[in-house]
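The next block holds one structure in the form of structure tokens; read it before the comments.
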């Protein structure tokens, strides 16, 4: 069965597919691979990365992540959330027009990283209430020490093993089946790609109504 055949309601609306996981788990790589696969299947698709570093909030976030400016944990959490809210209408319009949207990091990253720093879970979650709920979440997870050995690790302030371990625990507490699909990120890139395609092929959109977090 082709990917296009597995999306029976794509003529009605697109899907919202979110990739989550700790840093250096291969999210961006798999987002790009899925994006190209869907394009080859003649499925209209867009790809978005959060934080979106091109906006005003995104530029501040970029400076913060690189250690160039200081912001309180509460302030940076709100800034990350605002960064998502800025383009949610565009995402919604795309989906309603039959375009599938792939997102590299979403609300769950914002919650996990903030809770890992000691903020209250419910407080962190409330800033996300009202954003679109994904149809599929691909959660890539693996051994933190393996992630730390990958190129570029440590270039941003959260890329520390002790922080990533806490983030991983927060992610594990948020997992809801069948929305979340957990994949071992320590595997070969192409094996992971195939597993993701299988998840999407098996997905059944029960109705075309959008749901919200």
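For all residues, glycine too, the Cβ spot is worked out from N, Cα and C.
From a predicted model like this one, the values you see are computed outputs, not experimental measurements.
Look at Swiss-Prot and you will find 21, 22, 23, 24, 25, 26, 27, 28 tagged as ATP binding site.
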- [ ] State the three-class DSSP label for residue 27 (ATP binding site), counting H, G and I as helix, E and B as strand, and everything else as coil.
- [x] helix
Open item on the list: Cβ neighbours within 10 Å, counted over all protein chains: which one of the binding-site residues 21, 26 has the most?
Closed with: 21
